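A short worksheet on the structure shown next.
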Amino acid sequence: MKHIGRIVSFPIGLVLIAVGIIIFVVVNRTIKDEFKKAAVVIPDNGAEEIVDPWVRFIGNEGDPNNVRTYTFMAYNLTNPIETMQGHLPKYQEVGPYSYNYIYERINANLYEDDEKLSFKLWKRYFPIVADGYRDPTKDTIYHFNLVYGAAVKQAGSEVALSVALTAAAMGKIITGLTDPSFKVKAGFAAAPTVTAGAFSNLLTAAGNDPATACGLWQTSTSSSTPLVPFSVPIIAGSPSDISQAQCQALFDPSNKFSLTDPTNVGVYLLNPAGSKAALLASPFGLTSVQADLIMKYQLALTSTFVPTTLVSRFAECSDPKTCTNNPLYFGLLQWAKNPSLLGQSVFAIPNSGVPAAPEFGIYTSSELSLTKAGSLFLNTSTINLITPTSIGTILVYGQKLKADPTSIPPALYAPFSSGEFDAIVKYTGYIMAAFVDGDIIKNQIFKDYQGGPIVKHTVHDFLFNSTDPLLKLMYPDTPSAWVSSPLDNIQDVKVANATLHTDEIYTGVGDIDLVSSPITFEGEEELNYNKKIKVSGSFAEQLPPSYLSKDPEAPVNVFTDEFARSLSFRKEVGGNFGGIPYYRYRINESNWEINPDYFQTIPYLLNLTSIKSGAPAYLSRPRLKGIDVGYYYKAGITDLINDDEDLDVFADYEPRSGKAIHGRYSLQVNTYIQGSDGTNSTLYNKYSAFRSDVVHPMFWGVNIIAATQEQIDILTKAYKVDSFRYAITVILIVVGGFLSLISGGLFVLDKIIDL
């Protein structure tokens, strides 16, 4: 019997060992599956809501986990005038300003068997305006304008920018004059003089006899009379609708409302309601229908008789239709001729919208043929007035010809004569001075620090809600393009859908090690720095599950939208957060070193100019930590040199789930004026003067995230289950092993004794 007991104990021990192994494997697989489930970025992935990345990390405005606090500090330039005159700036750090920060991915679309996800990342900020908080909607600062900096950089200098603005002003001038609406405006502007003169001429042709004049006007069918006969059907009406007595009164120059008086004609056209009332109150005895008839006739003349009369005195318009039916020629008659089409500048017309006379002929007291004038507004012409390159050529040639009249061969500015080209040079300089420098720059861009290199805003508008007058000039019909604030803060989901970039990430389905990794940034798979750099790296808030548990010393590469690059992280320490073990990772110092591939020439100053449409944006750690102290002196922030507050980026990763359970995200936005120390910038060389090799701090922000207690409890539960699994497994294996070992040993011993 004792042999039977020992034989039975042996397989029982093996069974216990097997059960222990099975528990270990099954529980381990279950835990891993749960971690993966809590990492995969797809809707309805089965994860508990508080750890579901679709809710927690992608966003839900109703989820308090997704309402975070972002704190900003801004830099106020205290000497804006002196800075723009070439002195060193003096900045002052102001703040803090706190915001609730919500982000979510909208327009989400899964594809390629759910392995990839496209979306638009929608971020919103809401200022916390309450007791104990500074109000960013009231505090005002002066700061560098990235939009103006980008425009100057793209143009090549402020001088080049003025040339580009001159070309744009020329284009706007000729567009206004050659638009079909100018014919209407010209007809209205010239009608008082032209039609009143025609009525007077008709009266003169009739021997100053109102009765004869009325007969010619009302009944003649000949268009050879000095005025379009009333019987010629340019309006719906009958000559018999106005009696002879009424007509003669209208032709009598002594009457207050005579049609031979330019002032009256102007009143009829510009104030129809008032004119009608005046006509009805006059002694002419007009009925309401008759008054309407006269005013309709006057209005019809502005688009028929008046334009034809205006162009008929120009030899190039021997057939008036050649010029009245051609908007370009009609406008060029006003621009290129002296005297002009209207006999005066459009500047004299009320609400003309121009700061001075825009006409070439009027300003230069000379004129051009329509063919030559037209060539100046073709961008294919070597000499033209609508491309910056040609404007620059005209100005350079003009300077050389002024110094030496034989320095430029006439063939280079053909088809214009020497005198014509001199007039073009003179006119170009005039437009640059009067329209660009005197109006666009002074009155529209630089006025009251609304635009230009240094601007003035509330802190809130600076960060999220500013527009720039230069952008308004460049894109007059696209308000969405006027935004100049460095951070997006779109409040309307429809606007977000219409304007935000579509990006793509891996969901983790198929390959969990790719979870949340970016495929594109702002719609592109490569970053356009000094060389093409592929978008790659992990999502900062979700590393691949179990990645760190395999090797906590493994390098971590994280792609961040704000830094627009992949950053390498190094393990710093291990610790415990709310009962959960973690590893803390910080940005490697190597990320801040000089790197030609990223146009990075100054340690601890990351260059984003090629990514941000030429805007001179440079990122650093908050308070410029790490940068050479000389830049503190040149920015006037020496009080921050010895600041030792830890504001650096870090992330505490729970190694099994890969989730960032605690972390801090921070960066500072600056601009940098390139050039040699102690010299003035060659970029800012006309409207301002800036010192070279100076960092202008703008603002920094910090966002701290931490797992909630519920999330901690979920992860802690996993660790407790895991600990229980280990305990059960160890017990079963130890007990089973003991039974098998003892029973086997005793069985062998019994056999030996029996022998």
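Cβ coordinates are placed from backbone N, Cα and C, and glycine is handled just like the others.
Feature list (source: Swiss-Prot):
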type	residues	note
TOPO_DOM	1-6	topological domain 'Cytoplasmic'
TRANSMEM	7-27	transmembrane segment
TOPO_DOM	28-727	topological domain 'Lumenal'
CARBOHYD	ASN28	N-linked glycosylation site
CARBOHYD	ASN76	N-linked glycosylation site
CARBOHYD	ASN379	N-linked glycosylation site
CARBOHYD	ASN465	N-linked glycosylation site
CARBOHYD	ASN497	N-linked glycosylation site
CARBOHYD	ASN588	N-linked glycosylation site
CARBOHYD	ASN607	N-linked glycosylation site
CARBOHYD	ASN680	N-linked glycosylation site
TRANSMEM	728-748	transmembrane segment
TOPO_DOM	749-755	topological domain 'Cytoplasmic'
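ASN588 (N-linked glycosylation site) sits 36 Å from ASN497 (N-linked glycosylation site), taking the Cα positions as reference. Between the C-alpha atoms of ASN379 (N-linked glycosylation site) and ASN76 (N-linked glycosylation site), the distance comes to 43 Å. A Cα-Cα distance of 18 Å separates ASN497 (N-linked glycosylation site) from ASN465 (N-linked glycosylation site). With respect to their backbone Cα atoms, ASN76 (N-linked glycosylation site) and ASN680 (N-linked glycosylation site) stand 22 Å from each other. One residue stands out among the glycosylation sites ASN607, ASN680 for having the most other Cβ atoms within 10 Å of its Cβ: ASN607.
Counting only the Cα atoms, the space from ASN607 (N-linked glycosylation site) to ASN680 (N-linked glycosylation site) is about 21 angstrom. Following the DSSP three-state reduction, the secondary structure of ASN588 (N-linked glycosylation site) is coil. The local packing around ASN588 (N-linked glycosylation site), expressed as other Cβ atoms within 10 Å of its Cβ over all shown chains, amounts to 15. It is 31 Å from the Cα atom of ASN680 (N-linked glycosylation site) to that of ASN465 (N-linked glycosylation site). ASN465 (N-linked glycosylation site) falls within a helix when secondary structure is assigned with DSSP.
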